[in-house]
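Undergrad: Take a look at this one; I'll ask things after.
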Amino acid sequence: MSSLLVWCALLQTLLLVTLRLGDCAIAVDANRTSALEEARLQRENLVRKYLKRLKKEEGALKLIGGRGDFEGNVEIFHAGKWGAICDDEWDQAEAEVVCRQLGFPGYVKPTHTGHFGRAKRKFWMDNLWCGGKEAELTDCRFDGWGANDCESGEAAGVICKQHDTDTTTTSKPVPVELKVPKERFGQRLELRLVGGRVEGEGRVEVRIVDGPGGAGPWGSVCGDGWGLLEGNVVCRQLNLGYANNAVQTDFFSDEADGKGLPERVLLSGTECYGNESTLADCLHDPIGWDTVATCSERKGHVAAVTCVPAMADLVFDHVEMEQSLHLEDRLMYLLQCAMEENCVATQAYEIQRDNPNWHLETRRLLKFTARVVNMGTADFRPHIPKHLWEWHLCHMHYHSMEVFATFDVIDGQGRKVAEGHKASFCLEDNQCLPGVEPRYACANYGDQGISVNCSDIYRHNIDCQWVDISELDFGEYTMRVAINPEFKVPEMRFDNNAATCRLLYTQTYARVFDCKHERP
């Protein structure tokens, strides 16, 4: 017993000495604390950025095709294989989740239409809908693993914000020359379509008309990010009407004619607003007279277009929205059908999950009528074939479009604080000008579309024709309604597809005013 007491006394003495030495060590090493903390944070950022990607875990993400590790098309790991993500309903909320999961401090923008090249693998995810606060992309709602109707040119991507310490914490800093912003070409370009079966189709080839030695050689346009906005500019410049299809393909290469595809890629990263008169007026990655443009896929990945003389042109009626907009508090019990289509805010699903009496809770809805008029020269038709339309039991009709309209509420700092959408849609002629016979109807598996000089009207009493603003503070905001927001269906022009209005929201009422048309 005495020896045990001696050992206890020795341990107490040793503990006191250790504590005193520790105090001394802290005092001596105080000047090293900030450096150690900085190193720890750098290691933490590095681990957070790469751990989920390097380990082939279920739900892991990676970005491919970009100029650095901060950008590219998004791929996700599922069932032992990597797969692509479709850009239907892909927006800032999904980009925020992806960049956070990969360890970046935020996002710059989401990208669409295979901005970083065509999807090389099967699409694992389609119609993703995130609230923006999810820890991982797999926490968001989507159609189900592998369920999709997407083509390779519909790959979703992101550009993430970079860490301030990226040059010291990563072994692959982005070269300075790759950070040069896009610019207009600055020289006159001649265009032609090659390899098509008729005059109005083919791959796009360009050449500089007034170079140092006269007209230069013909070159192709890289397919990265190529879409209907760019296609419309090409068709307009060639006086061939409007772009019915703008694709990234080598379909129009014909080895039999001895031409094949030109070795020179003259333009890449083409980005048009849609109203330019020539392709040279659009933005492109910088390129010199004697240099070759870079492309994510150098072989068989060129821009092509099909032009037609007649085209639909949808216009959103903001006057109808101004007159019909109002507030309604609605029980969640009555919103179950709408919740199946992600038509309420993320908080509603959290209430449904955590509160056993969720059906007695109410949501505040900003409701309005959406009237869309076809003022073009051809009918507006869904781009999904009829045999792929989905039957919805709640609404008792087939849905022919995945994303037809988006409704966003934006605060003074430009942040989206509430949103709604028509993710599944039925198109029909609800109202036509005198002398125009309605042709499209949703009932009985009928053909869907909007005839020339007819309107599709979704009234305020229809499911999902609202924005869930239950968590929104009172104040003044911007409301933005966009039709065909992802430019999936061709139109004459897109600068009249959206309406941006001022929104005043008080305790007793809401109204929109000062609306103007613009591009989605």
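Cβ atoms are placed via backbone N, Cα and C, with glycine included.
Sharing the features that TrEMBL gives for it:
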| type | residues | note |
| --- | --- | --- |
| DISULFID | Cys86-Cys150 | disulfide bond |
| DISULFID | Cys99-Cys160 | disulfide bond |
| DISULFID | Cys130-Cys140 | disulfide bond |
| DISULFID | Cys272-Cys282 | disulfide bond |
| DOMAIN | 61-161 | domain 'SRCR' |
| DOMAIN | 191-308 | domain 'SRCR' |
| SIGNAL | 1-24 | signal peptide |
Undergrad: Could you give the mean pLDDT over the domain 'SRCR' (191-308), rounded to a whole number?
TA: 82
Undergrad: What is the separation, in Å, between the Cα atoms of Cys282 (disulfide bond) and Cys130 (disulfide bond)?
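TA: Pair distance, Cα basis, whole Å: 32 Å.
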Undergrad: Starting from the Cβ of Cys140 (disulfide bond), draw a 10 Å sphere and report how many other Cβ atoms land inside it.
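TA: Its Cβ shell of radius 10 Å holds 18 other Cβ atoms.
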Undergrad: If you count the C-beta atoms lying within 10 Å of each candidate's C-beta, which of the disulfide-bonded residues Cys86, Cys150, Cys160 ends up with the smallest number?
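TA: Minimum Cβ neighbour count within 10 Å, taken over the disulfide-bonded residues Cys86, Cys150, Cys160, occurs at Cys150.
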Undergrad: Please report the Cα separation of Cys160 (disulfide bond) and Cys130 (disulfide bond) in Å, rounded to an integer.
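TA: It is 17 Å, counting Cα to Cα.
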Undergrad: Give me the count of other Cβ atoms within 10 A of the Cβ belonging to Cys282 (disulfide bond).
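TA: There are 22 of them.
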Undergrad: Whole-number Å distance between the CA of Cys272 (disulfide bond) and the CA of Cys86 (disulfide bond)?
TA: 22
Undergrad: At the Cα level, what's the spacing in Å between Cys130 (disulfide bond) and Cys86 (disulfide bond), rounded?
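TA: With distance taken Cα to Cα, Cys86 (disulfide bond) is 14 Å from Cys130 (disulfide bond).
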Undergrad: In whole Å, how far is Cys86 (disulfide bond) from Cys140 (disulfide bond) when you measure between their Cα atoms?
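TA: Cα of Cys140 (disulfide bond) to Cα of Cys86 (disulfide bond) measures 14 Å after rounding.
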